[in-house]
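**Q** Sharing the feature lines straight out of TrEMBL:
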{"type": "REPEAT", "residues": "27-68", "note": "repeat 'WD'"}
{"type": "REGION", "residues": "236-260", "note": "region 'Disordered'"}
{"type": "COMPBIAS", "residues": "238-254", "note": "compositional bias 'Acidic residues'"}
{"type": "REPEAT", "residues": "479-511", "note": "repeat 'WD'"}
Amino acid sequence: MCAAAVSWYREFKRLYDCIPCVEVQTLKEHHDQVLHLAFSHRGHRFSSCSKDCTVKLWDTERSDGTISLVHSSSMRQFNWGYTQFSQFNADDTLLLVSGVYLGPHHSSSGEIAVISLENYTLLSRVRNKPYDVFGCWLNETHLISGNLHWIGNMTSCSVLWLNKAFQDIESENVNVVKRLFKIQNINASTIRTVMVAHCRRHDSPDLLLDYEAQSQAQAQAQRTQQHQPLFFDLGNTDSEEEEDEHDEDEEDEERGEKRVSAHLPACNPSGIQHVIHGHHSIATRDRELETKVARLMGSRRTKAPDPNLVSPTAPGEGEDKTYLLFTTGSLTYSPHQIGIKRIMPDQMTTCGPVLGEERNTDEFFDSLDHVIDIHGHIIGMGLSPDHRYLYVNSRAWPAGCVISDPMSPPPIAEEIDLHVIDLKSLREERRSLRAHRAFTPNDECFFIFLDVSRDFVASGAEDKHGYIWDRHYNICLARLKHDDVVNSVAFSPADQELLLSASDDSTIKVWRSPRMVRLAEALQRPPRARKLLSSLFGHRSANLNGKP
């Protein structure tokens, strides 16, 4: 049993009766694909973004238990093509909305808008490039955005900015923006999907089985010659022998052993504007040369990392840390790494020089404090409520593949792996969750948002279902049916037995647990029926106790 469990009976009741898998309402106010859902921290409201270019706010506290639309804002007037992401600030007074500009098919420009939730007025707008940086809140009044500067055909520089959410009376004397980090990108990769993790000291362990316990269990299984599967797969997947081979390949990669290159079919690099034209072999040589020059420049112009900024901490030790997490890459344009930068206290305000602290000529770029390679195309990330664990949706590359051309990444699996990374130890848990699937190729791959509650983790998928797993036992508990791709899911932070799912079928579905559905039905019965039922059950109870 997990650490917080009282008995197996109660665990069974929790896993059977408290999962939000009963559809109770379908919201149809959007007129195009619904891309993202986000709850307020109190759970009293949630927002939705859609290809219809609106952001909508919904009320979850109606007396009859239904959800109703409160407000809708169209962003067409700002030349947006659609809204793609939203997030409430810590005190639920402001809403960050991220969108994509109308423009050419290959355009990567976007914008972030901040809306007051008191009177629904627009407070500020911030440029955001590429648009799939999304943006996020650092604290109640400051948000993070991105910008991208191309240095060559395959080399660029990502700049991450801290922005004040609104310009107050003192704005003439106080900066409203400040540069946080400037990071070199190679092989056509860019920084995307930024999020902030406020990592506490973690004195009390999370309910999830931690890495040490799983490592000991695996070692024990090896000693008894019993295979301990690393993937819990509910569908038709690879055999255990293939999983073993996959693990051996990963170990070979860590040791730096030479691998045999797999045949990698070329794919159309949609969305990458800086591609060298001409004969393929000449272009490949030019790319290789540019990458070598970029690496050389980066090694001489990058600020040395401080190993003390990001380091594993033991329980009860260390200090509270704020991490900036994002997807990045070093081998190809598809995001395949998690980058981590620690944000220091003096960086959490726009006070001071706009461009940050002074730099020497040999510190033009900032180094990454830590990098975790996922060995696959990352298509989603989400934090646990306590910000200790990072959950990552990815589609794996073939085991042992070698990338010879950054514009031709390896083919990606249809199965989606849900990785679990412990931000306390900065290691990936050895068990990945699996059940959901995706079918689009590398150059058409899109983000699938996931969410994590105290006991559950949920994700969308391209197979027209949402999925719910238990965090403690790594088992899939429910499939939530839609008529098209499920793009986003969201648990209520006030009640994990309430879940929302958003789909390309233009609907938002509301799911509650069987337990909550029974309670709601009992409250809706007329008083006389409730009295009759209680009288009947009271009479039966008396008879069972031997009373006349």
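Heads up, the Cβ atoms here are built off N, Cα and C, so glycines get one too.
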**Q** Looking only at the repeat 'WD' (479-511), what are its DSSP counts of helix, strand and coil residues?
**A** 0 helix, 23 strand, 10 coil
**Q** Kindly report the helix/strand/coil residue split of the repeat 'WD' (27-68) according to DSSP, in that order.
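**A** Secondary-structure breakdown of the repeat 'WD' (27-68): 0 helix, 20 strand, 22 coil.
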**Q** What is the pLDDT of the repeat 'WD' (479-511) when averaged and given as a whole number?
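**A** On average, pLDDT over the repeat 'WD' (479-511) sits at 97.
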